[in-house]
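Enquirer: Let me begin by handing over the structure; questions about it come next.
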């Protein structure tokens, strides 16, 4: 039999029999909201780079934090759904604005870094998401404690590096942080499934978890590529 004559059963590939239909519908809403966030964040980054709207990174970070707290404090219901979607869009927009300075830095180093970092992040996110979806339920939830501990250590080392100013420690934080955030994609995806299976239908808040995972992976990968490119330019001189 010629292997090239075989037909691929895409329905079988996309069949998640271990996930209930209601949870699958919930995941569709989560990823639809995630796509909306990506579009709005891209618009926010573009607006910053063209108009330098809200130039101070602190203001955009503070604004996104306020919107996140507001969203968290607003209960999920049919009556508040439109309001919470608006808050989600505002949060995504300001997050995109906050990415502006990092994007400008990478463009100054090498404009090709941006599409490379985005495509790399998309591939990483897709692969780890599919791994979490196809894996046995709760198989990655044990990572929660490990990931939170690693995140705490990264935060402490980042604060310590403010005083030490070590480039080696900064680079180590980038690489280790990238690995940790890949783990969070696995953990958060399976946690969302478990929450949905137990009746938590707040797809807007679940979307924020995945959106922040994607943005953090993108930011770290972008900075790693930019630093590597700068090192290459130094070696050529």
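Just so it is clear, glycine is given a Cβ too, placed from its N, Cα and C backbone atoms.
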Enquirer: Where Swiss-Prot splits the chain into topological domains, do residue 22 and residue 134 land on the same side of the membrane?
Expert: yes
Enquirer: Scan 3-23, 87-107 against Swiss-Prot and say which stretch is down as transmembrane segment.
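Expert: Of the candidate stretches, Swiss-Prot labels 87-107 as transmembrane segment.
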Enquirer: Below 8 angstroms Cβ to Cβ, which residues of this chain, lying six or more residues outside the transmembrane segment (140-160), approach it?
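Expert: Cβ under 8 Å, 6 or more out: 132, 169, 172-173, 176-177, 180, 183-184, 186-187, 189-191, 194.
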Enquirer: Who are the chain neighbours of the intramembrane segment (207-227) in space, where the CB to CB distance is under 8 Å and they lie at least 6 residues beyond its ends?
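Expert: That would be 30-31, 33-34, 37-38, 41, 68, 71, 88, 91-92, 95, 99, 102-103, 105-106, 109-110, 113-114, 116-118, 120-121, 124-125, 171, 174-175, 177-178, 181-182, 184-185, 188-189, 191-192.
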Enquirer: As a quick check of your reading of DSSP, tell me how many residues in the topological domain 'Cytoplasmic' (134-139) are helical, how many are strand and how many are coil.
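Expert: DSSP composition of the topological domain 'Cytoplasmic' (134-139): 1 helix, 0 strand, 5 coil.
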